[in-house]
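Comments concern the structure below.
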Amino acid sequence: MVHSAQSKTLALLPKFTGSFSVVGSAYILQDVVFHKNPIQRVYHRLVLGLSCANMVASMAIVLSTWPIPETQGVYLASGTTQTCTAQGFFNELGNMAGPLYNASLCAYYVLVIRNAWVEDSIRTRAEPWMHAMPIVISSTISILGLPLDLYNNAGWLCWIAEFPQGCQADGTCTRGAHADIFRWLHSAIVWSAIMLITLGMYSIYVTVKEHERIDSRGRPDAEVAGRGRKSRLVAIQALWFVGALYLTWIFTTINRVYNIVTGKSSFVLQVLMATFFPLQGFFNCLIYLRPRYLRSRSRNPDAPGRRIIYLALHHESHPIHGLQNANVGAVPGETEEDRIRHRYIRSATASYYSVGNSKHRQGSAGEYDNDDASYSIDTVNAIASVSEYDRGRAEISPDAKNDEGASSASINNDREALDSVVEESLPAK
């Protein structure tokens, strides 16, 4: 059978773009599992779940037309109804869970920054739901598609579709009679998640701006400008996350709406969909590495680009080595002040329960990783912690209350230390 250039393009293109996504998702998986072991932070566990979802979806997409039954005359099709069903199931499972895990990650940011939750509270009260919602919803929708025979040839891969194509108009479908309903349900869930993520990121930005406004009262102009710079970095990082989601899903949605309205398919839209839709794991990997790349570049301004990329990929972006696994409290001769400073370096989010004359604090946040995936979240966590003092939330111990002057000086000193640590996680101006 002679196949057109368009059909060959749509069959081959996802194999290349999907492969990039598989590699990107695999990198995040190994990075979290082997370099964050044990995986102590809620953030990294959510990223791990997101990458697993992207990996499942990307591997299904890389197969493109191969699992489609060979009797249907599709280019490179060599499968059966069973292989097509399997591809459609995993395609739906991964592509439904991905945006929902993004929403969970956004919820984590909101709880940390806007609601001032500490790591332990998120771990016990919110994290189970952050994993349960993506897994339960995506699994339920995907499993429902099996008895309803929803997974069929959808063009260049198997997904939710009626069979034979166009059968719903005259009611002659042998498979996937309810495909349209489930496609709209799929789109509604995905875009609801994306809208919630957009609102969440906006909420984070507004909250950080408010923290900066409170923190900048009575401070020199240079420090106010520094706070504004951090806020801009937060906004930029948030924009990258939201933009990647929109870029992944926008052409798929437009193509679907175009098909519903006109009853036709646009080759241009299909090419755009086959290009960007499989790249979700690759985009997430770039965003995951972006802060590390910027830190590497700021610390090695004269190094060539390939060297900067190597440093970012191999956890060598930070000039302070060995801290993430060091037992800071066991350093011989270390003073209490040194221990406090190192605790700040190792913790981007800190919850202070007491302030004593010795300037000892106890934090309940997770261990800080110099190669953390997002300097923006470390920055805003730190800003949020500093703002706790401005709002009078720090609880002073009875001993410290007897010496308010010493406690105040202690807080100011540690605020400056925290500011310096925040700057360590940012690229150079």
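Glycine too: its Cβ is placed from the backbone N, Cα and C atoms.
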Range among 322-357, 394-429 that TrEMBL annotates as region 'Disordered': 394-429
Close approaches to the transmembrane segment (46-68) from elsewhere in its chain (Cβ under 8 angstroms; 6 or more beyond its ends): 10-12, 14-15, 17-19, 21-22, 24-26, 28-29, 32-33, 39, 74-79, 83-84, 86-87, 90-91, 93-95, 97-98, 101-102, 104-105, 108, 127, 130-131, 134-135, 138, 153, 156-158, 277-278, 280-281, 284, 288, 373
Interface present between the transmembrane segment (267-289) and the transmembrane segment (100-117) (three or more C-beta pairs under 8 A): no
